[in-house]
Structure formats: structure tokens, C-alpha cells
């Protein structure tokens with residue numbers, strides 16, 4: 001499930017540049033006046049007329065830094081199934097304060113509560129800290145999650161909450177950090193890598209679930225679940241070590257905002273080839289200047305100019321969560337228990353195969369998105385997902401072995417379509433059509449929807465069973481596709497000014 005959040009800027013700014021054949025050097029830095037173009041595009045990139053192609057000093061070191069930033073997505077993917085497969089073992093070792101179903105809902109929901117709090121708190125961090133300082137705070141919260149290995153109900157809930165705070169902060173910070181540090185020619189490659197890390201974390205968690213096949217590793221005397229719970233802390237310790245201890249890196253943009261231009265230039269000099277340093281530094285300065293001149297408050301989102309795109313973003317977040325797949329991954333063990341008749345081995349393999357299927361679209365998504373526009377991919381993907389939902393509903397009324405096998409195949413197809421269409425489009429279309437404030441608002445609502453699903457899905461599954469639960473998911477997905485058909489416009493090949501015009505947001 002690709003979790004990528006590039007913030008957007010919705011204006012063009014024009015400056016004049018004195019240049020010599022479009023080349024820049026340390027000896028003759030460009031002088032910016034007012035006439036030639038500075039372009040701030042939809043994914044928040046400053047581009048100068050006649051600029052040279054920027055490159056890095058060491059692709060190896062640069063790749064390690066980018067992997068360090070994006071490695072938090074591994075923790076994001078890992079957070080989805082690791083608790084679900086550990087419920088029975090963990091609950092056998094702690095004292096519950098309610099029914100097992102209600103406790104499952106609460107233990108799952110506490111992560112999203114943390115995510116929501118973390119996302120809201122990020123607004124403060126963006127204003128008062130640098131990007132790396134923000135990630136350090138996130139990593140500290142994530143590392144605290146290691147204390148969730150203590151077999152005590154309140155302790156596990158407390159530090160699972162901190163895990164959620166970490167995810168909420170990093171989900172917003174990572175793509176901004178990546179964009180501000182990465183030369184434009186490498187941005188697409190590394191932004192796609194986010195999907196690999198999310199899928200990798202999900203797949204690794206499911207792989208760890210294979211341990212529960214061994215009866216000695218589950219039950220009240222097992223310590224295996226503590227190993228499973230400790231993995232996220234290692235991921236965040238790795239990121240802190242790479243970014244802060246080894247490379248001492250940070251975003252030049254955030255350093256300039258904090259009046260540390262010398263430090264910003266040192267980082268640019270370390271990453272960029274010497275011929276590109278002055279250009280990259282000037283672009284960073286101008287981008288800070290641009291952002292200061294084009295700030296928009298949160299209340300402007302509800303004006304006529306922004307309402308449609310804000311609604312599209314919020315509905316994307318809603319159906320992303322409420323189409324059913326988020327619930328399947330979050331409660332995979334409980335979900336597949338009804339299909340496997342309680343067989344732990346079969347249940348575990350169901351979950352592992354689904355994780356592999358979820359990971360595969362990352363290898364072909366770039367081909368699909370080069371050929372077709374987001375609108376047609378979104379509508380087609382949702383239509384095919386609705387067909388899968390209807391098939392799952394129908395097949396849920398029989399427990400025959402053949403029906404169970406076909407139902408699992410349909411669920412795998414459902415997962416594949418989700419990871420290829422709705423998932424990445426949610427993370428790319430929302431910032432493409434919204435301002436930074438609008439994008440932030442939409443992603444905060446995402447965690448609110450996730451919190452609701454995590455809390456009530458166990459009750460849905462126990463009362464409505466799989467068939468009734470997917471009736472609800474199908475109705476919501478059908479409603480969303482009708483909304484998108486009426487309001488989403490095709491933006492393939494359009495620049496941000498043209499996109500604003502399509503949605504009626506151009507300046508009058």
C-alpha cells in the first residue's frame with residue numbers, strides 16, 4: 001500500500017535571470033532579478049530557465065541517504081498485520097478488560113489514534129523544527145515501541161500508541177524531506193521506492209507470521225511475539241543512525257528557514273556535484289521566498305475555490321480505507337480464520353500469499369501510469385474492485401472447499417487491483433490537485449477513517465460475517481465511484497496551471 005505524500009504548490013512565480021548559455025559555476029553564480037522564469041511545479045519543485053542538469057557526487061552515498069529517509073515506510077507496512085497475527089498469543093499472556101473482540105478493536109485502534117495525534121502534531125513540527133529534527137522525534141517515538149514487548153496490557157497499549165505517533169509524523173515529513181533533498185532527475189525513482197518499502201514491511205511481517213505455525217512459538221509460554229513486536233524499533237534506530245549519526249544530513253530548505261544558510265550550503269555541497277551547488281542553493285533560497293509569499297490558511301480550504309478538490313481528496317482517503325482491504329490486512333488472521341476453519345498453518349499461508357500479491361504491483365505500476373491517465377485508472381480500478389467485492393459476497397455464503405479457494409483468489413485479485421490503482425492514486429492525486437494545506441487536511445482525515453475501521457471491523461465481522469461486511473464495503477465503493485465519475489477530471493499531461501483551470505481554481 002503505497003504511502004507517498006508529496007506536498008504541492010499551486011502558483012507560478014516569474015523572475016529574471018542573468019545567465020551565460022544556461023551554465024552555472026561557483027565562480028559566477030546566477031543573479032536573480034525579475035523577468036525570466038522560476039517555475040514552482042505541482043510536486044513542489046523549483047525550476048529555473050536554462051538551468052543545468054543537477055547530479056550527485058556519489059550515487060552510493062546518496063542512495064544510502066534516500067533509503068535512510070524512506071526506510072520508515074517499512075515500519076508503516078509492518079504495522080498493518082503484525083498485531084493481528086499475534087493476538088491469540090499476546091492475549092493469552094495479559095489480563096484483558098473486556099471481550100476478546102472489543103480488545104482486538106481497541107488494540108488495533110490505538111495505533112491509528114497515535115497516527116492521528118502524530119499527524120496533527122506535525123503541523124507544529126513543520127513550523128518549529130527542521131526535517132531531520134522532525135524525523136528524530138518520530139524515530140524516538142518509534143524506538144519507544146520496543147517496550148511493547150513487556151507482557152502487560154497497559155504497557156503494550158501505551159507504546160503501540162507511540163508507534164502510531166511515529167507513523168503519523170513520518171508519513172508527512174518523509175516525502176517533504178525527500179523532495180527537498182533529492183535532485184529532480186532522481187525524484188521519481190526514489191518516490192516509487194516508497195511503495196517497495198511499504199510492501200516490503202507488509203511482506204516481512206507476514207513472513208514473521210510463519211513462526212506461529214510452530215506450536216512452541218505460540219501460546220502463553222511463547223516469547224516469539226516479543227521478537228515480532230521489537231522489529232519496528234530496529235527500523236527506526238537504523239534511520240536515526242544513517243541520517244543523524246553517520247551522514248548528519250538535513251533539508252537545505254528547512255535550514256534556510258531556520259536562518260542557517262551556511263549549513264544548508266554545506267549539505268548541498270556534500271550531495272551535489274560542485275558545478276551544481278550554486279544553482280541548487282539559489283533554488284532553495286527562492287523556494288523559501290516563494291512559500292513565504294504564498295501561504296494559505298486552513299479556512300481558505302472551505303471556500304468555493306478549493307471545496308471540490310478538497311472533497312475529492314477526502315473521498316479518496318475514505319474509500320482507500322473503507323473499500324475493505326485495509327480491514328483485511330489489519331485483521332488478516334481473524335479474517336482468514338473463517339476460510340481456514342481455524343487451521344493456523346493455512347491461515348498463515350493465506351496471509352503471506354496476500355502480502356506477496358500486494359507487493360507485486362510495485363514492479364509494473366510505472367508502466368501503467370505512463371500509458372494511462374489517473375482518472376481512467378481510478379475509475380477502472382474501482383469498477384473491477386466492485387466486481388471482486390460482489391464475488392466475495394456471493395462466495396461467502398458457502399463453505400465448500402472449491403468456493404473457499406476461488407474466494408481467496410478473488411481476494412488476491414482485489415488486493416492486486418487496490419495496490420495498482422486506488423492505493424497509489426490516493427497518494428499522488430491528492431497533492432496534485434490540492435494545496436499543501438489541503439493535502440495536509442486530507443491526510444489527517446485518513447487516520448480518522450482508519451481509526452473508525454480498526455475499532456468497528458471486529459464487530460462487523462462477528463455480527464455481519466464476511467458477506468455482510470463486504471456488502472457495506474461494496475455500497476461505499478459504489479458511492480465513491482459515482483462521485484469520482486462526476487467530479488474527477490483527467491490531468492494527464494497537464495501542468496499545474498492547467499490543472500487549476502480544469503478544476504476552476506485559476507486566479508481571476
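Here the Cβ of each residue, glycine as well, is placed from N, Cα and C on the backbone.
Annotation source TrEMBL lists domain 'Major facilitator superfamily (MFS) profile' at 65-492.
Annotation comment: TrEMBL describes 62-85 (among others) as transmembrane segment.
Annotation comment: TrEMBL describes 105-126 (among others) as transmembrane segment.
Taken from TrEMBL, the feature transmembrane segment applies to 133-150 (among others). Remote same-chain residues near the transmembrane segment (133-150) are listed as 69, 72, 75, 118, 122, 125-126, 156, 158-160, 162-163, 165-167, 169-170, 173-174, 177, 226, 229-230, 232-233, 235-237, 239-240, 243-244, 250 (criterion: CB distance under 8 Å, separation of at least six residues from the stretch ends).
Among the features that TrEMBL reports, transmembrane segment is placed at 156-178 (among others).
The transmembrane segment annotation in TrEMBL covers 190-213 (among others).
Taken from TrEMBL, the feature transmembrane segment covers 225-247 (among others).
As annotated by TrEMBL, transmembrane segment applies to 309-329 (among others).
The transmembrane segment annotation in TrEMBL covers 349-369 (among others). Tertiary neighbourhood of the transmembrane segment (349-369): same-chain residues 1-2, 81, 85, 192, 195-196, 199-200, 202-203, 205-207, 209-210, 328-329, 332-333, 336, 339-340, 377, 408, 411-412, 415-416, 418-420, 424, selected by CB-CB distance under 8 Å and a gap of 6+ residues from either end.
What TrEMBL records for 376-398 (among others) is transmembrane segment. Nonlocal intrachain contacts for the transmembrane segment (376-398), taken as residues 6+ away from its ends with a CB within less than 8 angstroms of a stretch CB, comprise 319, 323-324, 368-369, 404, 406-407, 410-411, 413-414, 417-418, 420-422, 425, 429, 465-467, 470-471, 473-474, 477-478, 480-481, 484-485, 488, 490.
Per TrEMBL, the feature transmembrane segment maps to 404-427 (among others).
Long-range contacts of the transmembrane segment (439-461) within the same chain: residues 5, 7-8, 101-102, 104-106, 108-109, 111-113, 115-116, 119-120, 122-123, 168, 171-172, 298, 301, 310, 313-314, 316-318, 320-322, 326-327, 330-331, 334-335, 430-431, 468-469, 472, each at least 6 residues beyond the stretch ends and with a Cβ under 8 Å from a Cβ of the stretch. Under the heading transmembrane segment, TrEMBL lists 439-461 (among others).
The transmembrane segment annotation in TrEMBL covers 467-488 (among others).
Below 8 A, the CB atoms of the transmembrane segment (467-488) and the transmembrane segment (309-329) form 3+ pairs separated by six or more positions in the chain.
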